[in-house]
Amino acid sequence: MWYVTVVPGNTTTMTFFLIICSCLAWGGLGKPQFPDQEKDPLFWNTWAQHTLKNALTLQKLNQNTAKNLILFLGDGMGIPTVTAARILKGQLSGQSGEETQLEMDKFPFVALSKTYNTNAQVADSAGTATAYLCGVKANEGTVGVSAAAVRSQCNTTQGNEVTSILKWAKEAGKSVGIVTTTRVNHATPSAAYAHCVDRDWFSDGEMPAEAVQAGCKDIARQLFENIPNIDVIMGGGRKYMFPKNQSDVEYPGDKKHFGTRKDGRNLVEEWTNRMKNKKAQYVWNKRELLSVNPNNVDYILGLFEPGDLPYNLERNTETDPSLTEMVEVAIKILRKNPRGFYLLVEDFLIWGRIDHGHHEGKAKQALHEAVEMDRAIGRAGLITSIYDTMTVVTADHSHMFNFGGYTPRGNTIFGLAPMLSDVDQKPFTAILYGNGPGFKVINGLRENVSTLDYQGTNYQAQSAVPLRMETHGGEDVAVFAKGPMAHLLHGVHEQNYIPHVMAYAACIGQNRDHCMSSGGASSLSPALPSLAALLTLTRLLC
């Protein structure tokens, strides 16, 4: 039996009373803190034995040639974010959450990736994108160039360009695509096609005049010029494609969304004219995207916002497509190519929207982005085959995000820890940031979170150090892999190892010699299309 004495005017006692009442209310719901079956050792032993049997089947490795390659990049998706997203996914389905499986959790092979840039212990998204797309570590702030290039110095570009796996795939005759919830010319996607010494040169309107005069190209321009006819391009960044001061089709009266290009070029119109004799379509909203018949379209350019796409929680479901919807359309267009495809999918948890949420200290936004990416991964798995499609899920870097506080099983991931601080006698949320905008002091003391809507969509979780924007974290990130040659992603690796493995699996780029035997036949096992199709159909029907 609990006895609580409430002293009028004593906020600490009142806060403690509220926490105890919450715990009693939770218990009074009749919902056990964990399922009764978990009390029986047989439950855990049976589960472990089943997992062991599945693990033993992995001794027969999938050494098929990968016809298709998919890279899901959770921008800012460190391991604590993966764990928290897993719990959130379960809780959204009415479970306690901890026992839930994300789609990536089901992948048979897991590795760790070392994310540092050549000149930075804690990386940024540009240098890391160059690593996991081009196979070369690079300096922070630069995309598609080696570490010999210096950020913002235009004259260090030429001769230091490095090519990406997207280009290797295109040169091998595969279809290629980019899908992102951020701008299509942001750091992550731009490393797939651009060579730029400054990730912020989105259009010539953001470039210094001397760089333009010296012949450096903005990233938006490079999207259409460097690798001709990228088959699928979807994301935001519309304003960087249009002449300066041209109004936006969706927000015609909002000047912040007007075009930014000083050269007067309309890159969308140029693309449309160039592709007029091909089965190509430009779309800018969800209705247009979902009306596309993939069988009748070979090329698609989808620019759904002037800047980044909205957070999934704030998305207008009538006008803005979800990541899952974009991925499904992309794959259905790309998979028509008998030689296969390469697809880069980015969800920015803070800047690719997972990443943006963390930078702003908005954990709820970031974690819901991660859950949406999980849906997209699951959907991709249903419309492709593990026998001929290598799928990799990873992050470019982590964040200063974590959760703890001895929370009980089933505690809402956005809830309070079940204790008060033994220093300032105030409650705290399980989720906290090491630094960021959530640092608040009231009358010289830490803010009392129990007086706030700490489960609100835009609540900024408390941080230890005040910053306008939270920073990246420097620890290793996870790499999940399935499909042909996925077993090559194991242990701890440099981040630039990832595209080399994917290229090896698909016999593209510099990794082709092993694919041919002395007689000229492929030495890797081809996928069994009939079996793969049957198994995929079975999964869809069941």
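Cβ coordinates come from backbone N, Cα and C, glycine included.
Keep in mind that this is a model prediction, so the values were computed, not measured.
In TrEMBL this protein carries:
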SIGNAL    1-30  signal peptide
BINDING   Asp75, His186, Thr188, Glu346  Mg(2+) binding site
BINDING   Asp75, Asp355, His359, Asp396, His397, His472  Zn(2+) binding site
ACT_SITE  Ser125  active site, phosphoserine intermediate
Problem - Of Ser125, His186, Glu346, i.e. the recorded positions, those within 10 Å of His397 (Zn(2+) binding site) when Cα atoms are compared - result: Ser125
Fill in the blank from the handout: Cβ atoms other than its own within 10 Å of the Cβ of Asp396 (Zn(2+) binding site), all chains, total 33
Completion exercise
CA pair Glu346 (Mg(2+) binding site) / His472 (Zn(2+) binding site), Å rounded to integer, equals 17
Fill in the blank from the handout: CA pair His359 (Zn(2+) binding site) / Thr188 (Mg(2+) binding site), Å rounded to integer, equals 16
Exercise for the section: Can you grab the distance from Asp75 (Mg(2+) binding site) over to Asp396 (Zn(2+) binding site)? Cα atoms, rounded to a whole Å. Expected result: 6
Problem - When distances run from the Cα of His186 (Mg(2+) binding site) to each of the recorded positions Ser125, Asp396, His472, the nearest one - result: Ser125
Problem - Alpha-carbon spacing, Asp396 (Zn(2+) binding site) to Ser125 (active site, phosphoserine intermediate), which is rounded to whole Å - result: 6
Problem - C-beta crowding around His359 (Zn(2+) binding site), within 10 angstroms - result: 25
Fill in the blank from the handout: Thr188 (Mg(2+) binding site) sits from Ser125 (active site, phosphoserine intermediate) (Cα to Cα, rounded, in Å) at a distance of 6
